[in-house]
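Quick paste from TrEMBL:
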type	residues	note
DOMAIN	56-517	domain 'Major facilitator superfamily (MFS) profile'
TRANSMEM	52-79	transmembrane segment
TRANSMEM	99-123	transmembrane segment
TRANSMEM	130-150	transmembrane segment
TRANSMEM	156-177	transmembrane segment
TRANSMEM	189-209	transmembrane segment
TRANSMEM	224-243	transmembrane segment
TRANSMEM	329-350	transmembrane segment
TRANSMEM	362-385	transmembrane segment
TRANSMEM	392-412	transmembrane segment
TRANSMEM	424-444	transmembrane segment
TRANSMEM	465-486	transmembrane segment
TRANSMEM	492-513	transmembrane segment
Amino acid sequence: MGNIEKDSTMDGVYTSNHEEVAANAVLSTERAWETREPYGPAGFKGLFNNPFVFLCALFATIGGLLFGYDQGVISVTLVMDQFLNRFPRVSETASGAGFWKGLMTAMLELGALIGALFAGYCADRLSRKWSIVVAVCIFTVGSILQTAAVEYGMLTVGRLVGGIGIGMLATTSPLYISEIAPPEIRGALLVLQEFSIVLGIVVAFWTTYGTRYMPSEWSWRLPFLIQMIPGVILGAGIIFLPFSPRWLSSKGRDQEALEVLSTLRRLPKTDSRVHQEWCEIRAEVAFKQEVSAERHPNLQENTRANRWKLEIVAWTDCFKHGCWRRTMVGCGIMFFQQFVGINALIYYSPSLFKTLGQDYEMQLLLSGIINCTQLVGVATSLYTMDRFGRRPLLLVGAALMFISHLIIAVLVGKFGDNWTAHVAQGWVAVAFLFFYMFSFGATWGPVPWALPSEIFPSSLRAKGVALSTCSNWFNNFLIGLITPPLVQNTGFGAYTFFAVFCLLAFVFTLFIVPETAGRSLEQMDAVFKDVSSEAEEQRKMRIEKEIMEGNRRAYQADQDV
């Protein structure tokens, strides 16, 4: 394709030279994305061709680091004598300790559920990057409450408030990354989110592992205080990163979107690939606006009441024809990510290793090493996510985790009453816990965070990702509540329980989850076969043709930022 020239007769609208006109003749009968020229190699190699996008994504994933840190910090803290002396309610000798421990742990997830719901509105209204700033402010307040906690209620409220910030970050960070990334490396960049989460868990664990030797209450207060440092860095630095071009276009700021795309891709605005991606983004926005105007003609006047009504309608649209399968995939895959048992290991790994016959020091040491094992697994997906696709990773991962849980359940059921006489079998069970953690990290760790931010249309993407993240946090909350009594009262039954859900996750992926690797965000209608009629398909082709030929004005939206 040739270069793009600016038409002096249409302000802000670009038209093509003779070569581009010839190309548009092809695009009039063929969807624009079907002839899309790639920006560079796919997967891990492509990261080096897109250094600016890589750095933006890397910075945004500090939100994932905070998410992982706040999850992991509680693991060793729960077994510190200094912590138990301050909060005796969660000590093993206290009545109902299992419930109170589970409640305090799970309040983070409950707060995150609230934060994820709020993030959908905030990300659309304020922009992706400014909603990250809001999230950091809320997270910092929660961290202060946790650091200064003097009684159980204050600590629990602190985890609730901090969780709201975490839920917003867990929703908005992958959303922002997916919208600035070229299709060839989107999967690899979204892996950075999971990598940062696990890195945060590892850093939190080894921080608390070291501070537990401090004789004062700073042994547990200091780890809560430290998490504010990366939070402040994220909140201050994100201001200098570009807006999402897709968010800009959804607000009618098409020329700004083109400028940002040019900066992100390190290519001139006249480059045919940049121009085509810009046109695809505008076409999707225009199509959704036309459909919205037809479905809700009485809500098109730009008033506050109508904006609120359209906001509510947008949430309900996630469950209507054309989007319900995407919502099912996004929420379902997050459900299974939790119910395959991962956070049961992260939160309560010392207790689990105790049930496998390990002494106190070995319990803590193995808990730290097992998190590093997950980190290694996640690192492999930087290569495999775009190389092999999402579906194969999910299917293989579910099968490997099922086998791991099943073997551990058999060993615990047969030898769990007397590990001291069956040391070798205890270590075999430990080995399969490590194998499980590696398998999860390489497959079900990163993929569920990547898929929701890929599959929803731009008009519903923030809402869809928010719903998916809510599913994650709600089920994370349930896991935090049920794991202590499940492990304490059922023994091998806990591993059997999670094995069944690994099997169900395999079936869900096999029949429900599509492959999204290598597709642009604007191609997902074809992936999900959600274009409900030939008329809608023809409308999309018409809009794309009009935009590519420069015959369509920008959508005029209310300006929020």
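Each residue, glycine too, has its Cβ placed from N, Cα and C.
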Which residues, given as numbers and ranges, are at least 6 beyond the ends of the transmembrane segment (392-412) yet have a Cβ under 8 Å from it?
333, 336, 340-341, 355-356, 381, 384-385, 425-426, 428-429, 432-433, 435-436, 439-440, 442-444, 447, 491-493, 495-496, 498-499, 502-503, 505-506, 509-510, 513
How about long-range neighbours of the transmembrane segment (224-243): same chain, 6 or more residues beyond its ends, C-beta under 8 Å?
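Residues 56, 59-60, 62-63, 65-66, 69-70, 73, 127-129, 132-133, 136-137, 139-140, 143-144, 146-147, 165, 180, 204, 207, 256, 260, 263-264, 561 contact the transmembrane segment (224-243) from elsewhere in the chain.
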Can you tell me which of 99-123, 362-385, 424-444, 465-486 gets the most C-beta pairs within less than 8 Å of the transmembrane segment (492-513)?
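Checked against 99-123, 362-385, 424-444, 465-486; highest Cβ contact count belongs to 465-486.
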Quick check for me: are there 3+ Cβ pairs below 8 Å between the transmembrane segment (189-209) and the transmembrane segment (99-123), leaving out pairs under 6 residues apart?
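Counting Cβ pairs under 8 Å (6 or more apart in sequence), the transmembrane segment (189-209) does not reach the transmembrane segment (99-123), since there are fewer than 3.
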Which residues of the chain, 6 or more past the ends of the transmembrane segment (424-444), have a CB below 8 A from one of its CBs?
194, 198, 336-337, 340-342, 345, 352-353, 356-358, 366, 369-371, 373-378, 380-381, 384, 393-394, 396-398, 400-401, 404-405, 407-408, 411-412, 414-415, 505
Honestly, do the transmembrane segment (52-79) and the transmembrane segment (465-486) touch, with at least three Cβ pairs under 8 Å and pairs 6 or more apart in sequence?
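Taking Cβ pairs at least 6 residues apart, the transmembrane segment (465-486) and the transmembrane segment (52-79) are not in contact, as fewer than 3 fall under 8 Å.
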